[in-house]
């Protein structure tokens, strides 16, 4: 049990407490001797318990692994955790792993929200200064199946595709069924398709996708499911196109549209490319007068067409027709839509408006009014008024429109003192009717540009007597019809107005305060330029006083300067 090795070392096998003590080793030669002393302490062996020993969990669950060390009380222990022989890096595992050490002789490993990648052999290693021991446990994680293998399209018809695939990993839970999905340029992402058999069991590796649309490009993929859940889909198959077939979808919402006289306008919703089923797609428009037997058919070769116009000078307005629209492609003719009854076009209005009158309202406005003959063909949707200056050609006319049954319109933004020619015509979806004979109206002359001048006023308490020199308009301006006196309290925006045909007026200031007074001429073309503002204080607020009054002059010329200091004893002048 105790042996001295050739090197001089001492080997003790199966050491026990009785072997504890001090050991000396002495070396001797002709020159002398040397000695070392070694102390031997014998410790209890370290043992560990790792629980649980074998675990089966489902993705998303959590578990705690416990590692307990039974060791000599004089030794300190250190715990290390491994996964498949590699140390666990707790900083890089996204919070799934946490080491918990509640006592000096035990440690726990918390695994949260387990993923498939966390399956494997978990090891606990205990290290002391005397020895090192370890143990392992197996963690099996069940989860949804992995993606199936490559999907192969084996056979294609106009409405079916036969597919095959290889199974993916079942992740410790047998695959119960498969689901086939397809994607086309017309679908919103991947869609589950009908199959034969209707339910694809987990032991199958092929199936047929059915009820596909002819002449459409498809990609396919397969998804596996087990009792844990549905896994990731397979890689998409190569893109294939189903075979051509006779179209089966007829146009929807066949109806009539407005058109010109002697026209039958037939409209429909175009068939989507998804349902055209092949190349050479077009429409067959069939129609006949109501009550007749034979159909007249016209081919429309554009797949995007949504309207067909049939013109026949012998067809009266609003003649009822039976109409249906069919489809065709290179494989043959498809179905017709249900028969509907629509009428030939009413046509554009045939009569011009009557009693057209144009009335000048101001320097920039003319009111145009008219009447419409209701018995005429072509019901109007509105009216168009054209107007142009006397020196211009009718082709340069500006145009404004009304809608509905309006019988008048106010033209604004016109030039002053200008003669205009005006016409009115009705319109609808088919076009425009004939214009009325032109009428004429001239806008008013511009209002006087000169403001009232040399304004004089006498204030007697709250009464202000005003006078001014008359305004003399220029040749191209409207005659003066009277005057307006505008007054307002300072700080307010709304003015009170006194109208007079004279060149004088008396203003009663109703409240105490400062008033602003202006005067302007009134003409057929509108109000003229206002005079400079007069600021008049009122101290009596509408009460009449006997105080002396002073004549004031707001002069725009030198002729009135001598009146500034004139004193008058009365309230009139």
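Using the three backbone atoms N, Cα and C, a Cβ is placed for every residue, glycine included.
No curator has checked TrEMBL annotations; they are predicted automatically.
Going by TrEMBL, these are the annotated features:
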- 45-134: domain 'Ig-like' (DOMAIN)
- 147-245: domain 'Fibronectin type-III' (DOMAIN)
- 250-347: domain 'Fibronectin type-III' (DOMAIN)
- 352-446: domain 'Fibronectin type-III' (DOMAIN)
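If you look at the domain 'Fibronectin type-III' (147-245) against the domain 'Ig-like' (45-134), you find at least three C-beta pairs under 8 angstroms, all six or more positions apart, and that counts as contact. Taken together, the residues in the domain 'Fibronectin type-III' (147-245) have a mean pLDDT of 96 on the 0 to 100 scale. Across the domain 'Fibronectin type-III' (352-446), DSSP helix (H, G, I), strand (E, B) and coil residues number 3 helix, 46 strand, 46 coil. Helix, strand and coil counts under DSSP for the domain 'Fibronectin type-III' (250-347) come to 3 helix, 49 strand, 46 coil.
Per DSSP, the domain 'Fibronectin type-III' (147-245) is made up of 0 helix, 41 strand, 58 coil. Remark: secondary structure over the domain 'Ig-like' (45-134) totals 3 helix, 50 strand, 37 coil, with classes taken from DSSP.
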